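These features come from TrEMBL:
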REGION    1-39  region 'Disordered'
REGION    73-95  region 'Disordered'
DOMAIN    147-254  domain 'THUMP'
REGION    270-346  region 'Disordered'
COMPBIAS  320-330  compositional bias 'Basic and acidic residues'
Amino acid sequence: MAAPVQQPPQSSGGKRKGKAQYVQAKRARRCDGGGPRQLEPGLQGILITCNMNERKCVEEAYSLLNEYGDDMYGPEKFTDKDQQPSGSEGEDDDMEAALKKEVGDIKASTEMKLRRFQSVESGANNVVFIRTLGIEPEKLVHHILQDMYKTKKKKTRVILRMLPISGTCKAFLEDMKKYAETFLEPWFKAPNKGTFQIVYKSRNNSHMNREEVIKELAGIVGSLNSENKVDLTNPQYTVVVEIIKAVCCLSVVTDYMLFRKYNLQEVVKSAKDPSQLNPKQPAQAGNGKEAKLESGDKSNQNDPAEGKNNQQVVSENNEELGHTKPRSETKMTYQEFGANAEHRYL
């Protein structure tokens, strides 16, 4: 007697199908807000470092940004997908016209559902990137830090630093040079001028050379106006360079030292003398680099030496307002800054 043919169990097949459908639905929800899903060239936003809890960091970021965003720009207005404008149904007779109409409706739906703040994949652990739309991130972040500095009211637990990113480009030296020539004009092109410093951080990237990047950017600032000077103690502008994988994030910020390198945990601490905001306890750097943790950051990622001046670096864990010793003011021309690699700051 022939053995009966065994049928594959329906229950397990149903589970696999259900799981696949669940994953697709989950991915669809992640894209529902529109826009890119990961950090890429051509974005503006806010780069946030956190203390080992990215999910909580995103929640805190949304709460904080929405609070101050509504204060500066008014409440965000939303449009339902069901309220999207659509063409007349009578125009669907022609198949090609119907297809064009459908594509147009999809594009309109995506554009109208873009949020003011949207989290995207940053490409690095303990780093969150919030894409912004219709706002100026440097002004918003400065407003947040200014208010927290004045009120000394702590509003976050896991967020450490909050850096505005005014533009992104590919993290290759030629691309960065070309992009920076135009990007830096509003602050440094004559008749505009000012003192500046350059802070540099690289994550999950091995092909960029820190010294080359700083030298090239300093040269560009100097070429825009020869009166731009390097000041490593109290600069008017700080050029922030954050590289994650193959993306370079750039911004120019003010009050970088006053707001404790844009650290939300440190800026709410009381200070006896706000002018004494420089790092203390200098230590000799090895090979021009020093591993450093941000205050409260327990991640295994290494930061290049922040607070570096004349081969001296400092751990932010040792920074305390009111307990730092002021350094002599350091100013130099951009030629001196670019020619001497030992005078790199951050």
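Numbering starts at 1 and runs along the chain as displayed.
Each Cβ is built from the backbone N, Cα and C atoms, and glycine gets one as well.
Curation plays no part in TrEMBL annotations; they are all automatic predictions.
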Write out how many residues of the domain 'THUMP' (147-254) are helix, how many strand and how many coil, based on DSSP. 35 helix, 38 strand, 35 coil
What average pLDDT is reported by the model for the domain 'THUMP' (147-254)? 96
